[in-house]
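Inspection log for the structure reproduced underneath, given as structure tokens.
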Amino acid sequence: MSPQPHIPVLLAEVIAALAPRNDGVYLDGTFGAGGYSRAILAASACRVWAIDRDPTAVARGKLLEEGSAGRFSMIEGRFGDMDSLLRQQGVNQVDGIALDIGVSSMQIDQPERGFSFAKDGPLDMRMETKGPSAADMVNDTPETELANIIYRYGEERLSRRVAKAIVEARRLKRFERTGELAEVVRKVVPRSGDGIDPATRTFQALRIAVNDELGELERGLEAAERLLAPGGHLAVVTFHSLEDRVVKSFLKARSGEAARPSRHVPQAQGSGPAASFALLSRKAIGPAPDEARANPRARSAKLRAAARTAAPAWETVS
């Protein structure tokens with residue numbers, strides 16, 4: 001029996017936000033298991049491109065490409081480079097972009113990838129095979145810097161305590177396994193009443209730092225602004241407050257909302273670049289109760305969507 005296909009979070013809401021049309025060109029910037037790509041292809045007779053930096057996801061995408069009759073193409077790379085990657089393929093504009101930020105459930109479910117504290121595996125956490133791993137970061141980062149990483153990216157109030165415990169443990173033996181790290185963290189972070197594992201925030205922080213996820217998200221949003229055609233839609237799904245804050249801040253600024261003390265006060269003329277996006281919804285969209293019950297990962301998901309205006313993309317400082 002073949003396995004059940006992976007259904008991404010907020011799938012119906014993302015497709016509704018993109019509103020694919022038959023002659024459109026669309027980008028799935030975080031292919032993963034391909035759920036968004038397949039849904040976009042099924043929604044209209046359109047052309048779909050996809051990007052992923054995970055070699056496993058790229059191989060999965062190549063299989064879909066082979067049976068797509070020329071409607072789907074897979075590109076290996078980072079979504080933060082989406083505009084340059086598509087230009088290399090002769091594509092200068094797209095009509096919609098979907099982004100599902102962070103680690104996928106399929107990556108977490110593979111112990112050998114080192115993302116999970118629930119399943120022992122090598123302490124890796126890299127979405128691609130190059131660059132320093134989580135083990136390198138845990139074993140070699142000075143205590144103060146490690147505490148700052150855990151606090152900033154994991155929002156862990158006990159970050160100093162965790163960093164101290166890690167440094168003391170690594171003096172005896174370098175960390176190599178996810179289980180070793182999780183055990184050390186659980187000894188110094190008490191279990192909360194919400195049932196969340198004490199190691200959750202530390203693992204999140206390391207994963208974000210190893211993969212530069214927030215920097216990649218910022219670059220991806222700016223690239224999407226350059227790549228979207230006027231009237232094109234951007235749909236971004238996030239899973240924790242740090243990601244959502246980046247998306248919310250970007251879209252509020254680019255839509256002119258950030259410059260207003262109140263939505264009832266008109267935008268001041270000449271106060272900055274023209275709005276490059278118009279919000280499709282003032283508030284983030286969350287999962288329906290049925291989806292939240294069926295998929296625990298969906299509970300924290302938020303979708304923010306906006307339409308590209310005809311205004312030029314804002315200048316960015318690299």
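Backbone N, Cα and C atoms are what each Cβ position is placed from, and that goes for glycine too.
Remember, it's a predicted structure, so these values are computed and weren't measured experimentally.
Here is what Swiss-Prot says about this protein:
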| type | residues | note |
| --- | --- | --- |
| BINDING | Gly34, Gly35, Tyr36, Asp52, Phe79, Asp100, Gln107 | S-adenosyl-L-methionine binding site |
| REGION | 286-318 | region 'Disordered' |
| COMPBIAS | 303-318 | compositional bias 'Low complexity' |
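Taking the features listed in Swiss-Prot, we show where each one sits on the structure.
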{"residue": "Tyr36", "record": "S-adenosyl-L-methionine binding site", "contacts (Cβ under 8 Å, 6+ apart)": "Pro8, Leu11, Val14, Ile15, Asp28, Thr30, Ala98, Asp100"}
{"residue": "Asp52", "record": "S-adenosyl-L-methionine binding site", "contacts (Cβ under 8 Å, 6+ apart)": "Thr30, Phe31, Gly32, Val58, Gly61, Met74, Glu76, Gly77"}
{"residue": "Phe79", "record": "S-adenosyl-L-methionine binding site", "contacts (Cβ under 8 Å, 6+ apart)": "Gly29, Thr30, Ile51, Leu99, Glu216, Gly220, Ala223"}
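Residues 9-10, 13-14, 17, 105, 222, 225-226, 228-240, 244, 247-248, 251, 254-255, 273-280 of the same chain, all 6+ positions outside the region 'Disordered' (286-318), place their C-beta atoms under 8 angstroms from a C-beta of that stretch.
With respect to Cβ neighbours within 10 Å, the binding-site residues Gly34, Gly35 differ, and Gly35 shows the lowest count. The DSSP breakdown of the region 'Disordered' (286-318) into helical (H, G, I), extended (E, B) and coil residues amounts to 11 helix, 7 strand, 15 coil. Secondary structure from DSSP puts Gly34 (S-adenosyl-L-methionine binding site) in coil.
In the shown protein chains, 26 other C-beta atoms lie within 10 A of the C-beta of Asp100 (S-adenosyl-L-methionine binding site).
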